[in-house]
Amino acid sequence: SKLAALFEHPLYNIPVPEVTEKDKLFTINPMEKFSLRSSGSDEWVSSSKAETLLPTGKTAYDTYPTWLKFHIGINRYELYPRRDPLLPTLLRDLATQRIVSSVQKSGGTQLKLIMTFPNYGQALFKPMKQTRDQETPIDFFYFSDFERHNAEIAAFHLDRILDFRRIPPVSGRLVNITKEIRDITTDKKLAKTFFISPAGNVCFYGECSYYCSTEHALCGKPDRLEGSMAALLPDKTLAKRRSWRSPWRRSYHKSKKAEWELNPNYCAQVRETPPYDRGHRLLDLIDMTILDFLMGNMDRHHYETFEKFGNDTFLLHLDNGRGFGTHSRDELSILAPLQQCCSIKKSTYLRLQLLATQPYRLSDVLREALAADPLAPVLAEPHLRALDRRLGKVLVAVGHCLAR
């Protein structure tokens, strides 16, 4: 296994700083047992009120469902640890747990659903909109591109292979539109959009600003539909997140250009602007830029951080559905922050060099990681080959910086 060998490499065993109580997203009462009242409400019950006693020798932590263990494991330095024993279980839960509720997620430009499981875990479902071998048409603007379910799955595994670990776990899943969406939804607006197509397939389209119409309906075969299931982060009422506008955001206008596209010295003013004037925020943004270039994602207008950790924490790499849309073209403008600032973390650079060598070739390790997903093959081969080519271009860009 190239993937196992990669994760054993010394570059993937650099210790994270010691995690103190203030570095954890949540402080947990070790006596608090996760239990559900017989009334069916989802409130927490302290061990003194719990209806069943803990088995001898078990801790309260053992009663937590996997999604909750994932949430309380988040800290200042990482969303989940490198050798996270929870990860296989969490991915399996996303792919197999019974869905008890499906409602449309508010906001956003395209249709997404919030799925709830019996243990109150939740996932964000993005349905399949195009096949693996379809490319984004060359005349499409990046902001009107489809969001792809397989891009969300591949992005999670790529982010982990790069050792960023800033994307919540994602699994592919085959959903029954009739039983797991239509028959159980309490969302009246969503419910009104279901119909049977002339071919006898169950379809729906929801409400959103892009691609929510009968012309862009999502149809099953006859009611089976692929999608990505992403573990939701803790509710914002429990763990506030801050949204930051990317300094290299595109103009989202059909003819206007952004300032960074016109000013080659743009990075100098970014370096003087908080929060990029201190700490590792700019280097973290360049990490995200490299991830986006490898995927071909031009749609990174904002990113988020957990408010509790202030400026000294990682960036969340959320919403990656517009990656992996094209394999035949490389959008070098995505690398502008790297090229203009000529900065990169040494650890990131060394790992990129490692992933360009034969024993750990990026396309090989990602192919192996994706083979375990329920919807494998997740990416068409040309997308995997494009990753190796793009990785070469990132290393060339760093080489030009070193020469300068």
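Including glycine, each Cβ sits where the backbone N, Cα and C put it.
Feature list (source: TrEMBL):
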{"type": "BINDING", "residues": "Q110, K126, E147, A230, A231, L232, L233, E304, D319", "note": "ATP binding site"}
{"type": "BINDING", "residues": "E147, D319", "note": "Mn(2+) binding site"}
{"type": "DOMAIN", "residues": "194-403", "note": "domain 'FAM20 C-terminal'"}
{"type": "ACT_SITE", "residues": "D299", "note": "active site"}
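Across all of the domain 'FAM20 C-terminal' (194-403), the predicted model scores a mean pLDDT of 95. Long-range C-beta contacts of L233 (ATP binding site), restricted to its own chain and to partners at least six residues apart, with a cutoff below 8 Å, comprise H71, I74, P168, A239, R241, L316.
Cα spacing between D319 (ATP binding site) and D299 (active site): 9 Å, rounded to the nearest whole number. When the Cα atoms are compared, A231 (ATP binding site) and the residue listed as 'active site' turn out to be 21 Å apart.
Comment: ATP site residues Q110, K126, E147, A230, A231, L232, L233, E304, D319; largest CA to CA distance 20 Å, whole number. It is 14 Å from the Cα atom of Q110 (ATP binding site) to that of D299 (active site). In this structure the alpha carbons, written CA, of the residue listed as 'active site' and E147 (ATP binding site) are 10 Å apart. Other Cβ atoms within 10 Å of the Cβ of D299 (active site), summed over all protein chains shown, number 20. Counting only residues at least six positions away in the same chain, the Cβ atoms of Q110, K112, K126, K129, G321, R322 sit under 8 Å from the Cβ of E147 (ATP binding site).
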